[in-house]
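All remarks here apply to the structure that follows.
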Amino acid sequence: MYSPATVNRPSRLHPATISKNPIKTTHNQFIHTLSKPLSSSSSSSYSSSINSTSSTSKPIQFHHNSYKVQTSSHRLFLKPKVLSDDTQPTLPFITSDEASEPSFLEFITSERVKVVAMVALALALCNADRVVMSVAIVPLSQSRGWSQAFAGVVQSSFLWGYLISPIAGGTLVDYYGGKIVMACGVALWSMATFLTPWAAENSLWALLSMRALLGVAEGVALPCMNNMIARWFPQTERSRAVGLAMAGFQLGSAIGLTLSPILMSQGGVGGPFIIFGLSGFLWVLVWVSATSSTPERSRQITKFELEYIQSKRKRSQTKTGKIIPPFRRLLSKLPTWSLIVANSMHSWGFFVILSWMPIYFKTIYHVDLRQAAWFSAVPWSMMALVGYFAGVFSDKLIQSGMTVTVTRKIMQSIGFVGPGFALIGLIMAKNPVVASAWLTLAVGLKSFSHCGFLVNLQEIAPQYSGVLHGTLAAILGTVGAGFFVELVGSFQGFLLLTSLLYFSAAVFWNIFSTGERVNFDEGS
């Protein structure tokens, strides 16, 4: 006799019959439905096996394909193993309650943190490859007899490529995802970096072309970062995720500015270009083989982590952006313009500090190249450290109940007003030590912007975060800064203007920004 509390598949048995020794089923097995009411004794037997009872006569269903056992008052979920083949469909987790918050140890050892760590390494290489020329331009100019104006042309050739890639690259990122676009971008800019010494020896036009190619490739880096974080991290963790990624970005400046003089003294002017270029190729191999574009396609992610990410994710955030974004509707919303203004100002200040500080210290304080590189590297290290803790602080504000809108306005205000005052202090500094302290304070407070507009890109329109990051902002920031320095020829006047622009951008942001989702797919 078979008890009605277990499932079996003997040869001549009614579909509702149940056995104590179930045998292995296959994926082609039909759904077995038990429509016979449970007796009191069988109900007790069933209770002892799955700790659930039903006092009423209700149907019990066993659905093999979804691993689901159902009674009138209980659900038992057997979660399927996450598939290792990205091309196969992954069965969704079925949860009745929201997943619990992970501990700190679970967070730092999670697959999503591994992904953002790889993104941080890519951004470190991105900035290191970019700043090498800031150090190499001095010996290159001396050996080739370049004027200061022509040296500025060589440095600004990076911007020729950077003009087009943030918008075009951001569009590709929104459509194809961050993994493949980031891999292509790193491979391309690593090749341009590796070939720069050869180009400098053979042709001026070849050198300018390699620098422009570097700009084209690096323009996709930050849009890719936004895309990957939006897919892998829930809203309550995005600030610290951006903090981790941007820490790599800032440390890239410190690494590039510090190691470049050392590598040049050992291997010539081309030394750092070759080392950083080869490092980029190695990164691409690891990125392609060890990461996935989404948690659902990951081979290493645990079931708990996937369940947690899915439970926190809003359904609308998984939508793929259109290959041609609705630019008219994007630019018709004031929150978009608050992002453009904030991103432009952030790019402006970043380009000023990154590209001109070594020259500033040498011109104003007569500090030699090694010391200038050290003075310029210290503030970036501080920015990486402060940026992470700013991210943790921002996430804690949201978790405590503060609205996303207010949190983003607070973070962005600190990120603009703080550097504005610090740059005024830098102008008034009488020696390089005090100037370096003000510079460190400026870039440290600047990192709060990462928890303002940079995270906000993922919140108001996650499917268009890439193109929103590129739209006009990088162009206005980088080109405007370089043009004004050449036009005015005064570092003090330029830094004062930058300070005033910081204050104005903070006011604009606080008036027009929002942390809520904005609908760009329908007419106003």
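Even glycines carry a Cβ here, placed using N, Cα and C.
All TrEMBL annotations are machine predictions without curation.
These numbers come from a predicted model, not from an experiment.
Positions annotated as region 'Disordered' by TrEMBL: 1-22, 35-58. Look at TrEMBL and you will find 115-137, 149-173, 180-200, 206-229, 241-263, 269-290, 337-357, 377-398, 410-429, 467-485, 491-512 tagged as transmembrane segment. The domain 'Major facilitator superfamily (MFS) profile' annotation in TrEMBL covers 115-517.
The largest share of C-beta pairs under 8 angstroms with the transmembrane segment (410-429) comes from 377-398, of the ranges 115-137, 180-200, 206-229, 377-398. When each of 180-200, 241-263, 337-357, 377-398 is scored by its Cβ pairs under 8 Å to the transmembrane segment (491-512), the top-ranked stretch turns out to be 337-357. The predicted model assigns the domain 'Major facilitator superfamily (MFS) profile' (115-517) a mean pLDDT of 84.
Segment contact is absent for the transmembrane segment (241-263) and the transmembrane segment (180-200), given fewer than three CB pairs below 8 angstroms at sequence separation of 6 or more.
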